[in-house]
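Please read the structure below before turning to the comments.
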Amino acid sequence: MTLNSIKVEDSSGNTNDGTEASSSSSSSQSNGVHKVCLPPHRTTFQKLRHRLSEIFFPDDPLHRFKNQTTLRKFVLGLQFFFPVFEWGPKYNLMLLRSDIIAGITIASLAIPQGISYAKLANLPPIIGLYSSFVPPLIYSILGSSRHLAVGPVSIASLVMGTMLSQAVTYSKEPALYLQLAFTATLIAGSLQAAMGFFRLGFIIDFLSKATLLGFMAGAAVIVSLQQLKGLLGIVHFTNKMEIIPVLTSVFENRNEWMWQTVVMGGCFLMFLLTARQISARNPKLFWVSAAAPLVSVILSTVIVYLIKNETHAIPTIGHLPKGINPPSVNKLHFGGPFMALALRVGIITGILALTEGIAVGRTFAAMENYQVDGNKEMIAIGLMNIVGSCASCFVTTGSFSRSAVSYNAGGKSVVSNIVMAATVLITLLFLMPLFHYTPNVILAAIIITAVIGLIDYQGAFRLWKVDKLDCIACLSSFFGVLFISVAIGLLIAVGISVFKILLHVTRPNTNVLGYISSTRSFQSLSRYTTAVRIPSFLIIAVEAPFYFANSTYLHERTLRWIREEEDRIKANQEPPIKCVILDMTAVTAIDTSGIDTICELRRILEKRSLKLVLANPVGNVMEKLFNSNALEAFGLDGLYLTVSEAVDDISSSWKPEKGPAQPLTI
């Protein structure tokens, strides 16, 4: 059977044997039936190249290099890999003024948060300051986001501290714990940079927003409960991160509660939460919440210093060494029984940090109408963690709280990160002795204030309102973190995200269509009351690719639609079905299993004296149907460009019992 016999021509208007199809095409169009075109011919190599390009280079990152001179390409290459060469020549004093203000404001938040998050990861507090110095400098050279403020974050710190403490404790084996922390940071950075270099950013999309919402809320609750150790002054506290062991430890050690820490912690926690609320209600007062942690540190330190001779009950940070980051290359450990642990911690914290950093960067880029290259961000975040692991830093990424402060403070570029790093450097060189009397309870209050913003209950309500399955995924990851563990909670989040994808692929939507005369279109009968059935036709729309994973389901569901329609017709005594039209407008792809299913459906329906017709298959689907010779069995009136043409053409061929054949005009 030739292409012409089934109303198919290639995109140039030629039929299968190379002859012009214009005359037959004109004849067909005069009858209101158009030929279904094949896509332009491409070799297998061209198809593979196009497919790989769509997978790994959907944004066409090299489009700027087209039709450029060699010198211009070199300059563009420098700007591509080092964004500082792009914004640097345009930088001016007005932007510098804004960035200095923003950088100093961020530092007032980053210094106490850095110390607090290091404690959260069960690391020495000084590591948090080291991690707020080197990584921002690296990111300012490689990063493409203007507003991303880099440093330690709560979730990555929590996961690292939790997973490492299950095998090793810093109090008993400090050297081994630091080795594992720095090695995990190197692994996280290497993974992040590799994903960016090989353009594998789509992998982190498997963590849906719904599951991340539940995961981060659960982690925030666990982090807050863990801080009861500092707020209550408990000495013997569980290392576990599940809600039941934590609460059990709190109440079993009631005899260790200290009223001094409870009073001080409660007062400063109220102060920090009030400052946060003021800034939330009035964004112009952003500096209130930004300065509150540093003010709390200063005030609490002064209070503890003044009463140090009267009581020694309130635990403090103690001695912090002065000086910049010492090298830690000699502490990187790639062997021994704990290598698998470091690998797991590095992979999990790396993915979490990457997800948070890119999400924050894209959020502020959208607000300021510029674009952030996700793969370049992965490379930048990865390289800063690789360098950081060699300079006594643990996993860092973009922080939403610090980035929001930078944005509200008027930050215009990554220079604000440089200013912040310079402020941290001054602190490391000259101000370390001032933190000696800083109480641990104030660090606990700062952590609680920071992570409480991760609990987005309004977002959970929106999920329930919009998508119940998304809400279930959110709650599953939330309770998984609370009652099992942080790592298992993350696995639950990933598992549910993958399950959702599989569910949508294996059980796609199908609808029976009806005709809406006022719009001259076919729409779902269940959605539109004005849509009416066409007598003797059953029109089924498939809203997904036709793959091996769903071919059996679509086969069974199509037969069920036919059975239900026949039952309805019998009950209402209407004309029987003669033709089933499969609307393939939304079928974006098909494989051999899908083709076999369509052929099998045609054979089954043919035995029941029913005709199967395909309408509007897209380019690659049409090409595969033609190459498989599946179209030959459909005949002259088995393939149409639109559902309307199929109904008109087929109904005109049916001869009524009396009188001439009359087409069903739509």
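Every residue gets a Cβ built from N, Cα and C, even glycine.
TrEMBL annotations:
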COMPBIAS  1-21  compositional bias 'Polar residues'
REGION    1-34  region 'Disordered'
TRANSMEM  123-142  transmembrane segment
TRANSMEM  149-170  transmembrane segment
TRANSMEM  176-198  transmembrane segment
TRANSMEM  210-237  transmembrane segment
TRANSMEM  257-273  transmembrane segment
TRANSMEM  285-307  transmembrane segment
TRANSMEM  338-359  transmembrane segment
TRANSMEM  379-401  transmembrane segment
TRANSMEM  413-434  transmembrane segment
TRANSMEM  441-458  transmembrane segment
TRANSMEM  478-503  transmembrane segment
DOMAIN    527-650  domain 'STAS'
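Between the transmembrane segment (478-503) and the stretches 176-198, 210-237, 257-273, 441-458, Cβ pairs under 8 Å are most numerous for 210-237. Between the transmembrane segment (338-359) and the transmembrane segment (149-170), the number of CB pairs under 8 angstroms, six or more residues apart, is three or more, so the stretches are in contact. Counting Cβ pairs under 8 Å to the transmembrane segment (257-273), the stretch among 123-142, 149-170, 285-307, 379-401, 441-458 with the most such contacts is 441-458. The recorded stretches the transmembrane segment (210-237) and the transmembrane segment (441-458) share 3+ CB pairs below 8 A when only pairs 6 or more apart in sequence are counted, and are therefore in contact. In the domain 'STAS' (527-650), the DSSP tally of helix, strand and coil residues is 60 helix, 21 strand, 43 coil. Counting Cβ pairs closer than 8 Å and at least 6 residues apart in sequence, the transmembrane segment (149-170) and the transmembrane segment (285-307) reach fewer than three and form no contact. When Cβ distances are compared across the two stretches, the transmembrane segment (176-198) makes no contact with the transmembrane segment (441-458), since fewer than 3 pairs at least 6 residues apart fall below 8 angstroms. Outside the transmembrane segment (441-458), and at least 6 residues removed from its termini, the chain residues within Cβ reach (under 8 Å) are 112-113, 115-117, 119-120, 125, 154-155, 213, 216-217, 219-221, 223-224, 227-231, 233, 261, 264-265, 268-269, 272-273, 276, 292-293, 296-297, 300-301, 314-315, 317, 400-401. Within its own chain, the transmembrane segment (123-142) has Cβ neighbours under 8 Å at 81-84, 110-111, 113-117, 148-152, 161, 170, 177-178, 181, 317, 320-321, 324-325, 376, 379-381, 383-385, 387-388, 391-394, 396, 414-415, 417-418, 420-421, 424-425, 427-428, 432, 435, 443, counting only residues six or more beyond its boundaries. Along the domain 'STAS' (527-650), the predicted structure has mean pLDDT 91.
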